[in-house]
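Participant: Can you read through this structure? Questions will come right after.
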Amino acid sequence: MSYTGWILLTASLVGLSCGFIGVLLILRRMAMMADAISHTVLLGIVVAYLVTRELSGVHMLIGAVTAGLLTSLFVQWLHARGVQQEASIGVVFTSLFAIGVVLIATKVGNAHLDIQHTLMGEITYIPWELTELPWIGAVPEAVVLLSGVLVVVVGVILAFYKEWKITSFDPALAASLGIPVVLMHYVFMSLVSITTVAAFDAVGAIMVVAMLITPAAAAYLWTDRLLVMMGLSGVFGVIAAFMGYYIAVWLDTSISGSMAFSTGIIFMISFLFSPRHGLASRLVRPADQI
């Protein structure tokens, strides 16, 4: 595959994984939690590096997932003690992210990890970081990791689809039916953390947040059916990946930033023209049908 092809495939895998997860985040009203986790996983990555002195391997995933779960635990703990949900997220997110930034500046040294890399990623280097797969040959490491994460995300969502649906729309009903709501919540937080850290190195925190929230928010405007919404969100993520890449080439600017910008374009089109919730559709629809 060509250099451009690997970049587009990597970004598309991010768009699909984040798109599917993002729908559940939107339905659970946890969009800001995605922003928090996408930044606080930095602390888990830095701590894992300080322990092992390696920037690859399963320990990085473990560190990031642990940081994501700690973020969720701290937010829930503060909220249970009277702090507003948004304020809890703000306090935990900024504190843990700041600790990660300070550790990078003071402890990491010359490792391939810095603030620019954290925010924007390095998707242009993805095609050069290869691993050998049997019967396939040389494949970028990020593609292998993101493909595995996509399989896990799709598998877990489909395996517990009924549980995700009920706990997202009515947690009280789910609890009355015997569904372990708290366990499902932390399984979901683990999925968000795994997806985030898999995309983190390639595209950075900004694009992860954009891919988690914006395609899902756009898909929400087009349909009320959960599976269709997830499918649309994934498709919007892939479209944003392609659109953003060619915008970046055209303007000679950041690829990740352009992809994040493209998710905003898709949302605005959906906001204006989606048949049910679009602004233009509401203006032309008879008043008794609104």
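Yeah, the Cβs are placed from backbone N, Cα and C, and that goes for glycine too.
Relevant sequence annotations retrieved from TrEMBL are reproduced here:
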type     : residues : note
TRANSMEM : 6-27     : transmembrane segment
TRANSMEM : 34-51    : transmembrane segment
TRANSMEM : 57-75    : transmembrane segment
TRANSMEM : 87-105   : transmembrane segment
TRANSMEM : 142-161  : transmembrane segment
TRANSMEM : 173-196  : transmembrane segment
TRANSMEM : 202-222  : transmembrane segment
TRANSMEM : 227-248  : transmembrane segment
TRANSMEM : 254-273  : transmembrane segment
Participant: Should the transmembrane segment (6-27) and the transmembrane segment (142-161) be scored as in contact, given a threshold of at least 3 Cβ pairs under 8 Å and pairs 6 or more apart?
Facilitator: yes
Participant: Let me spell it out: take the transmembrane segment (57-75), skip the flanking residues so only those 6+ beyond its ends count, and list any with a Cβ under 8 Å from a Cβ in it.
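Facilitator: Sequence-remote neighbours of the transmembrane segment (57-75) are 33, 36-37, 40-45, 47-49, 51, 85, 88-89, 92-93, 96, 185-186, 189-190, 192-194, 196-198, 200.
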Participant: Which residues, given as numbers and ranges, are at least 6 beyond the ends of the transmembrane segment (142-161) yet have a Cβ under 8 Å from it?
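Facilitator: Counting only partners 6 or more residues beyond its ends, the transmembrane segment (142-161) has Cβ contacts under 8 Å with 6, 9-10, 13-14, 16-17, 20-21, 24, 126, 129, 131, 133, 184, 187, 191, 194-195, 198-199, 201-202, 227, 230.
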Participant: Is it true that the transmembrane segment (202-222) and the transmembrane segment (34-51) have 3 or more CB pairs under 8 Å, sequence gap of 6 or more?
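Facilitator: Output yes: the transmembrane segment (202-222) sits against the transmembrane segment (34-51).
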Participant: Do at least three CB pairs under 8 A connect the transmembrane segment (34-51) and the transmembrane segment (173-196), leaving out pairs fewer than 6 apart in sequence?
Facilitator: yes
Participant: Which residues, given as numbers and ranges, are at least 6 beyond the ends of the transmembrane segment (87-105) yet have a Cβ under 8 Å from it?
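Facilitator: Here the qualifying positions are 32-33, 35-36, 39-40, 42-43, 45-47, 50, 67, 70-71, 74-76, 78-79, 113-115, 118.
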